[in-house]
Amino acid sequence: MESRATSVVLPTEAQWLRVAANIETLMRHMSCAKEQRDIFAHLANFVSANESIFRPPTSYFKAINDTAGRVKIRKEYIKICRGAPTAPANLTGASKLCEVKICDTGGIEDAHGLLQADFANRFIGGGVLEGGNVQEEIRFSICPELVVSMLLCEVMNDHEAIRIEGATRFSSYSGYGGSFKWTGEFDDPTPLSSNCIRDVSLFCVDALPHPGVRQYSKELIEREIRKFYCGVYKYPSMDGEDSLKRVATGNWGCGVFGGDPQLKFVIQWAAASLAKRPIIHYYRYGERKLAGLDEFIVAVKKSEVTLEGILEIMQRLSPSSGVFTQILASL
């Protein structure tokens, strides 16, 4: 005989606000170490500032409670894997470049069934608990179960990436940076797997911040290729024995990180090809420096240059002219 599901009584929104106010009052009177005060402050902000970037906090727990009656008991909600695969010694080979699909509508989080990029801080989660509002913080805001990784994962090294499976999306949003805001609840259509974990795959890779002209050096290019390769590598514990998923990515390491969008595209294309991913779905997000991306991809594919050839050309890049121009001139 099945036991009846326990009914969960949730606080009202007014009660949540009172709790937040009480936490702030407590903070002012705490006599513990500064580091502890900072931690509590971040948690208080995470709850009390939710109206601008999250659905109301009660709604998350209500959604989880409502789901419990419709699906069998979930053994897992998310899976986290920290990986440091061994990349080929010299990052070269005769492999051909994978296919590329350019996406100018939607976002990476809309690429259902694909391995989705998180443009991570080396401390995963970045500033999501401190009011951050760029790519990683937005993803952690609309998929709050990802915050668990911040408790479990230490800082990433250059040869590591983090993979997370199963984080449900609960919120819709608009804007980016200062214009980012919560726009309503989101009913995640992504199906559950056989063990009731959400079929969402995220790979978290941290680009080098503010690399300047050094980003064109062989050393930094190889670092970024290895880092992205770690993210899209096939991990048996996460990917199973099925065929490799396609990859959804975009302007990794650009924007506030200061990377060259053209260089970062070629790096990701090379790394995904090295990992034998069949295709990448590339979200340009209106980046003007990638206006000629379509023509660049067509020209490179038409030349039949191999992955090894592209990697050799990349070793001779300089900041003197556009990356696409330099590569096409070398084909």
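Just so you know, glycine gets a Cβ as well, placed from its N, Cα and C.
Record features (TrEMBL):
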type     : residues         : note
DOMAIN   : 95-290           : domain 'PARG catalytic Macro'
ACT_SITE : D118             : active site
BINDING  : N121, Q135, Y176 : substrate binding site
ACT_SITE : E136             : active site
ACT_SITE : E137             : active site
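Mapped onto three states, the DSSP output places Q135 (substrate binding site) in helix.
Note on the domain 'PARG catalytic Macro' (95-290): mean pLDDT across this stretch is 91. Taking a C-beta cut-off of under 8 Å and a sequence gap of six or more, N121 (substrate binding site) has these contacts in its own chain: G127, E136, D206. As a whole number, the greatest separation of Cα atoms within the substrate-binding residue list N121, Q135, Y176 is 17 Å.
Under the three-state DSSP scheme, Y176 (substrate binding site) falls in the coil class. Of all Cβ atoms in the shown protein chains, 14 besides its own fall within 10 Å of the Cβ of Y176 (substrate binding site). Counting every protein chain shown, 30 other Cβ atoms lie within 10 Å of the Cβ of D118 (active site). Rounded to a whole number, the C-alpha distance linking D118 (active site) with E137 (active site) is 9 angstrom.
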